[in-house]
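Going by TrEMBL, these are the annotated features:
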- 176: active site, glycyl thioester intermediate (ACT_SITE)
- 27-32, 51, 59-62, 75, 120-125: ATP binding site (BINDING)
- 8-429: domain 'THIF-type NAD/FAD binding fold' (DOMAIN)
- 565-584: region 'Disordered' (REGION)
Ligand SMILES: Nc1ncnc2c1ncn2[C@@H]1O[C@H](COP(=O)(O)OP(=O)(O)OP(=O)(O)O)[C@@H](O)[C@H]1O
Ligand SMILES: [Zn+2]
């Protein structure tokens, strides 16, 4: 019979279907905990939860399945344990990285009817998106940041995928701004975190000669390189564990390096000159209030104290990574950034503020997570065709949904939606045909690369001029003028379970080319020597795609940011702003046109 409220929504017949559906939830953080609760209350037959992380104190305000006693416990297993007692669903938890191909081969994913993404980074989102494309599995992608949030249903082959729109990597700054001419507090924080801290405690790399330094001035380039190598020497100091060198470190960073900068006169023609930190003293007087702005003396004292502590830690830990929740690493970065800010006459920040910036933190809001998880679970019923009174879903009728601040449509409407676009023909992920090649272990040894390539050519009508790339390692295995490896066996080429092979038509000047195809190698225990998938590899007209075609006017970043494409979006944006119904793509953004979404 089942829970009467869910039966009312889906009907008795669909309820039986719902009970047999197996879904995958990736991420048991802010959205993940909410989603797991919803999916359990909806009585999905089986819910598998994957999360690689353990619980932090800072998660407890919104990840309501966790308690103080759970800190340092795995998120996935703890979430499942917390909800098990009210669950009518079979729950399975994994404390693992979803990108672990040994633990989660493609065949494992193929057991699910639907995947929910509740992730916080671009790499994992992309990986799941690609996997869903491989298996033609529907995916419900989601993210939130503060009051902003979105869900995007992705139906492979029918609606745009996560990678159909360009995803920008987070904002970066030119090296010369960070290393020579900071003009905002964030430049000092980036210097302290990404350059100083990582040089001294994480790893020692000198500046690569081809790194874009953002300056042409030979004197400045020379100084940046020299400074990096000198820092390498400081790292040796730090490793020695000798506390007496701390004043030398301060002198090097905030006096001699600054004096060297001052000697490059070009830099200061149109800028205020920095003031080196001459005559500093170190005392024991420490400020412990993380939300106040400390005096210069307090910054110097805290910098000396925490450097001493990190030197001691380094002796046992060998390498220390920056972590916003590790007070020592945060204090080092905050005080170093603030002393540099004093030197460059820039505003100084409290430790708490530096934590927000250095940890890329936008306060997570439990309500936004709950709304987005609610929308995602509701969308799942549509995607799976389980709603009682709604006719079978045409993917064209599915919508993305956004919470208020991410929408430009109406200032007094909290939720807005936008019809899903069709797949972008130039998408690097979903414009490629995909399938699974199964083969026996003995075939790996007996079949040569050339034989496999011939079989693929024949089956999918590829021409002679194709290239074959091992996508897992980005190795070129063959192309029209490189056939040296074709006589080698697949196992000689280290190809096997989980390898990804990309075949591409390499002909020039043809009116019509075959689309690329990507194959996943899967070992087959049933004795099949070699079986190629029954997939259709379409052709396309290369000249038909002009660079302007269908360019999206916004970018949804999985890391994630919503960014307006300034060059292309203007006219479209206007159109959207004028539109009243139906709500369309989001565009109302903060002043700097960036909204971060986890
Ligand atoms: N590759 C991955 N495999 C499995 N789980 C992942 C992977 N990448 C991220 N996650 C999980 O996705 C979840 C995202 O949740 P959320 O955005 O609330 O982040 P959080 O780490 O819990 O919080 P915060 O970043 O604010 O401290 C996290 O629990 C994280 O461990
Ligand atoms: Zn795509």
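Including glycine, each Cβ sits where the backbone N, Cα and C put it.
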TODO: Please state whether DSSP places residue 61 (ATP binding site) in a helix, a strand or coil.
DONE: coil
Task: Neighbourhood of residue 51 (ATP binding site), C-beta criterion under 8 angstroms, separation at least six - done: 26, 27, 28, 29, 32, 74, 75, 76, 79, 94, 95
Task: Residue among the recorded positions 27, 61, 176 whose Cβ has the most other Cβ atoms within 10 Å - done: 27
- [ ] Pop the Cα-Cα gap between residue 176 (active site, glycyl thioester intermediate) and residue 30 (ATP binding site) into the table, whole Å please.
- [x] 37
Open item on the list: Based on a Cβ-to-ligand 1 distance below 6 Å, what subset of the binding-site residues 27, 30, 51, 61, 120 would you report?
Closed with: 27, 30, 51, 120
Task: For the domain 'THIF-type NAD/FAD binding fold' (8-429), mean pLDDT (0 to 100) - done: 89
Task: Among 120, 123, which are binding-site residues, the residue with the most C-beta atoms within 10 angstroms of its C-beta - done: 120
Task: Conformational class of residue 30 (ATP binding site) under the three-state DSSP mapping - done: helix
- [ ] Rounded to the nearest Å, what's the C-alpha distance separating residue 123 (ATP binding site) and residue 176 (active site, glycyl thioester intermediate)? Just drop the number here, would you?
- [x] 28
Open item on the list: In whole Å, how far does the CA atom of the residue listed as 'active site, glycyl thioester intermediate' lie from that of residue 61 (ATP binding site)?
Closed with: 40
TODO: Specify the secondary structure state of the residue listed as 'active site, glycyl thioester intermediate' as given by DSSP, simplified to three classes.
DONE: helix
